[in-house]
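A.B. asks: The domain 'ABC transmembrane type-1' annotation in TrEMBL covers C:94-291. The transmembrane segment annotation in TrEMBL covers C:9-29, C:96-120, C:132-156, C:168-184, C:226-252, C:272-298.
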Amino acid sequence: MPLLNVNNLRVDLPVEAGMLHAVRGIDFHVERGEMLCLVGESGCGKSMTSLALMGLLPRKARLSADRLEFDGTDLTTLSERRRSDLRGARMAMIFQEPMTALNPAYTLGNQLCEGLIRHRGVSRREARERAIYLLGRVGISAAKDRLDQYPHQLSGGLRQRVMIAMALMCEPDLIIADEPTTALDVTIQAQILRLLRELQREFGTAVIFITHDLGVVARIADRVAVMYAGEVIESAPTPALYAAPGHPYTRGLLSCIPTPGRTPPGSRLQAIPGVVPSLVGDVEGCAFRNRCPQAQPTCERTPPLMSLPGDHRARCHYADRPVPAPRQPETMS
Amino acid sequence: MTTSHVSPRASSAASSAVFGGEIPLPAPAWSRVTRRVFGHRGLAIGLVLVALAVLIAIFAPLLAPHDPYHQDIANRMVPPVWHDKGSWTHVLGTDKLGRDTLSRLLFGTRISLTIGLVVALISGVIGTTLGVLAGYFGGRVDAVVSYIITTRLAMPVVLVALALASLTGGSLTTVIVLLGLLLWDRFAVVSRSVTQQMRDAEYVYAARTLGCSLPYILLREVLPNIAGSLIVVMTLEMAHAILLEATLSFLGMGVQPPLPSWGLMVAEGKAYMFFQPWVIAIPGIALFVLVLAINLLGDGLRDLNAPGGRN
Amino acid sequence: MGTFIIRRVLVAISVALTISIVSFMLLHLSGDLATSIAGPEATAEQVERIRVDYGLDRPIVSQYLDWLGGALTFDFGRSYYYQSTVVDLIVDRMPITLTLGGLALALAVAISIPLGVLAALKRDTWIDRLSLLFAVVGQAMPSFWFGLTLIVIFAVTLQWLPAAGSDGWQHFVLPAIALGYYATPAMMRLTRTGMLEVLESDYIRTARAKGLRGGSVIFKHALRNAVIPVVALAAVELGFMLGGSVVIESVFSLNGLGQLAWDAISRNDYPVVQAVVLIIALFYIVLTLLADVANAALDPRIRTR
């Protein structure tokens, strides 16, 4: 049984113009100890998905799902109280903005320890010992002194390390990391990624890693789910996805990444033209067809989720067969 | 279908360049603005009540059933019409000198609105000048102006106004001048901070580069852009001035009898309030409603000024 | 933090000096004090004698310096009206005004902070609207009229509380309500806005992601940050209330500083007027100074700089 099983998850947000369908019926699962990457551009619903899993959706948002199970527990029927027993204890979250994710009014020690004290009822001293151990594990020197410091006294990279340590405090089964490296410098990004991967292997924690950067995915993910316009349009083990992407959107994303050695210096990178369709109201047919270089009349119909060899699925009419008459994309310089 | 090109950068930068798509929001149009004005209940109520008060002030001589200064000793302390002994001759009754309360109330609107408007204008000119200069020049000018503001805030307004009004022998004019000279602080604070934010705006920078003269920049570029905030402050200061005038007059140091200032009417009725509570209730409610209306108008305008709702 | 406090104290002292100059000059320049003191029926000779007796014939700068020299040692001269020194009068009346101000502030804090928090938590519900109405009404209510209305209702009609005097705590209830309501709207709105802003913040989401219970999230993580600016505002409001207590003291016949000032103003007792204005201003200056220090102490980002 997978650790997390999500079936037909929907999140709707009432906005001024109507109902925004931020997540439009997505399916995925996470096995124990694996790292799943959710990839997509801003507004594709990946953050809403993570908040839905944590039970931290905005008050006005509405959630529905055929199945939303964590370790056999149905999350949709769980009371807020029981839900908060899971949060921080068995599923933890790391946020995008380390600069604002910590409370400026309390010391790091205080904020690291409170979750453990709340969930495990340990003494403050025991909690501090674990905090010191974990701060050391995430590569923070002089961990003991850091406990009495305030967030503003730390750099962004250090704060994100603290956030990681905080997520690990109760040894959760699942960590959701929502673009944890986006706000950081490139060199720090690499360090944090490596750290996350190491810790994930060491502690056997399952991780849902959310990113817009397909370049990051290749380095760390076991499996990838690509989201577009509130749907998962392709999911596959990482090597399979890179070897044979089944959805034109994924192919577009991959061609945007310069590969050292293969992309000639000075050559132009690809970009996907067009804009994401509005998610207010219903989306008919394939959501990507207005940007798709090989769109066909068939694409007016909603594409099924096609199964490809090796646990590989793609939501495209032509995922498993050649496109009838490929249209030549115009080039513009 | 077109394929645009992006110059090579780090992978994350390139892919975020791809992801330009945002959820489109409906563009603001005039219909939305009007909908917000009328959808905002407080603003609509304030607007209607203030407009009503202005009309009453203008047409007071036509509306008033009696001469507000005419004393009728035979008909003193007549209760209002809803009272057992009331009559339609004096709808809101008469005061201790037999003057018609409704007529005095209607003419009193003129005093309150005049005070509010003129005080807000005087203090607005003083405060905005100081604030814009401080915000635009910064540095030493700013330090001096900030010091003046701090000092002004530390002065107890009511006490100082009372003392000065008493010395200069309280009258409508002295009250207006005094309050005008005392209530500029909020104008200065707001215009200073808004100007500061604008000082580095591109259009001001452009005007500077083009060699426009300083008064031109301040009047043509800066002032129109802080006008929205100033109008909000203006309504708040009008309400403030009206309340202060009533307070001074109530304490006997403001507008002098026989003028029908609402504060004065409360003071004159104070001795009778135990047995004829309406003598203080009527002018007090008038004062409350006018100040409330102006505040609602100001709050509403502020909400319109700052999209994102009432916060 | 040390240099911050020292700088702030220096500013406070110079503001106090400026106020003393301004209030002294205002009183001496806005009319002829000797004529005012002598009264309308006095002859020119009598006015001249008063001018010389009270030292009003000397250059204004030397008058000011004399007065300031005295003020620095809390010697504000003698009252023209009472057979007493100004300091004795002030010391005598001060406790009443401070009691009134303190009670009014306590009341305002006790109402505005819970109400502001509640309004923010129950945003856009009837609780929020009701508290907004409470604030809007408070902002528009003339405090003297509110005081009179309280007297008519609670002292005359219901006879629950005394209407005037200052003998026991009962005498302070109505005045404290009248004065405290004046300070409540601004503090309530600031609490509400602060709470709304903080509740939207990332660190509240972090706290919830840790599985903390609602109470812990609201009171430990949100309120602490939302209340910092309210503390500063409360100090400022207390300063305003001490200055505005003249109105409430007059309505409720409380013999405090405000009443002393009002009597002094109507009797042209200028040494008393000047002293009270300066004392009230000093209170305000000290209170804002304390507010800044409290702000710095509550916010680690300033404290540990």
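Note that Cβ sites are derived from N, Cα and C of the backbone, with glycine treated the same way.
Here the structure is a predicted model, which means the values were calculated and not measured.
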A.B. asks: Top stretch among C:9-29, C:96-120, C:132-156, C:226-252, C:272-298 for CB pairs under 8 A with the transmembrane segment (C:168-184)?
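C.D. replies: When the Cβ pairs under 8 Å are tallied, C:96-120 comes out ahead.
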A.B. asks: Could you tell me whether the transmembrane segment (C:96-120) and the transmembrane segment (C:272-298) are in contact, taking contact to mean 3+ Cβ pairs under 8 Å with a sequence separation of 6 or more?
C.D. replies: no
A.B. asks: Would you kindly check C:9-29, C:96-120, C:226-252 and say which stretch has the most C-beta pairs under 8 angstroms to the transmembrane segment (C:132-156)?
C.D. replies: C:226-252
A.B. asks: Hey, which bits of the same chain come close to the transmembrane segment (C:9-29), Cβ under 8 Å, at least six residues off its ends?
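C.D. replies: Sequence-distant neighbours of the transmembrane segment (C:9-29): 60, 63-64, 67-68, 71, 270, 273-274, 277-278, 281-282, 285-286, 288-289.
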A.B. asks: Under 8 Å between C-beta atoms and at least six residues away from its ends: which parts of the chain pack against the transmembrane segment (C:96-120)?
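C.D. replies: For the transmembrane segment (C:96-120), the nonlocal Cβ contacts are 127-128, 131-132, 134, 166, 172, 175-177, 179-185, 187-196, 199, 218, 223, 226-227, 230, 234, 237-238, 241-242, 245, 248-249, 254-258.
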